[in-house]
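Enquirer: Before we start, here is the structure in question, set down as structure tokens.
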Amino acid sequence: MASKLLRAVILGPPGSGKGTVCQRIAQNFGLQHLSSGHFLRENIKANTEVGEMAKQYIEKSLLVPDHVITRLMMSELENRRGQHWLLDGFPRTLGQAEALDKICEVDLVISLNIPFETLKDRLSRRWIHPPSGRVYNLDFNPPHVHGIDDVTGEPLVQQEDDKPEAVAARLRQYKDVAKPVIELYKSRGVLHQFSGTETNKIWPYVYTLFSNKITPIQSKEAY
């Protein structure tokens, strides 16, 4: 199997299970899971220049613009030139995808297609610990104590945009922005779309796909 570094991207709407799939890919194949949300939180906490720029938009519940998120992610990717990685939350727009093109070639793109009703149900059951970004789902990943973060003991909250009335708008926005990104990667022959309502049913196919590109470090049973 080739020793070429693997550059992968995962796409999917809020509630599609991207975080869970990324975690399994990282565990099974040794890829670095690079989450734009995680890097944003780190930079905001550290009061970096790019963190301060992003904070202005996040506090107003606005999407962080391309030039800010691209600057942040380019810096992170520059530090990981010698690693296999999986991008989560970037690129979200065609502009971001074009910026990524300038520094590397993406080998593999996964797009998760989850029915709207499933997304609505999942998001309405989702609670988060804002300081860390830890996400819980009351159905399949509940906290040990209801409403409390497992690690810190701090209270969990439900985001306003996870409430059912906001989910439809978020999904429409995702589809509008993601469509040209999906079409771009589809035209290059690197896009693989997975549809379903359960991560556990999608996972074996994702595992097989990655196994054809990179040697697993542990068996697929290791969830």
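Glycine is treated like the rest: Cβ placed from N, Cα and C.
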Enquirer: Among Arg126, Arg188, indicate the single residue that Swiss-Prot lists for the ribonucleoside 5'-triphosphate site containing Gly15, Ser16, Gly17, Lys18, Gly19, Thr20, Val135, Tyr136, Thr199.
Expert: Arg126
Enquirer: For the feature region 'NMP' as recorded in Swiss-Prot, pick the matching range from 35-64, 65-94.
Expert: 35-64
Enquirer: Which secondary structure state does DSSP assign to Arg126 (ribonucleoside 5'-triphosphate binding site), in the simple three-class scheme?
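Expert: The residue in question, Arg126 (ribonucleoside 5'-triphosphate binding site), is strand (DSSP, three-state).
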Enquirer: What is the interatomic distance between the Cα atoms of Ser36 (AMP binding site) and Arg126 (ribonucleoside 5'-triphosphate binding site), given in whole Å?
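Expert: Rounded to the nearest whole number, the Cα-Cα distance is 19 Å.
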Enquirer: Inside 10 Å of the Cβ of Arg126 (ribonucleoside 5'-triphosphate binding site), count up the other Cβ atoms and send me the figure.
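Expert: Arg126 (ribonucleoside 5'-triphosphate binding site): 19 neighbouring Cβ atoms within 10 Å.
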Enquirer: Which of the listed recorded positions (Lys60, Arg92, Lys175, Lys179, Lys186) has the least company, meaning the fewest other Cβ atoms within 10 Å of its Cβ?
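Expert: Looking at the recorded positions Lys60, Arg92, Lys175, Lys179, Lys186, the Cβ with the fewest others within 10 Å is that of Lys60.
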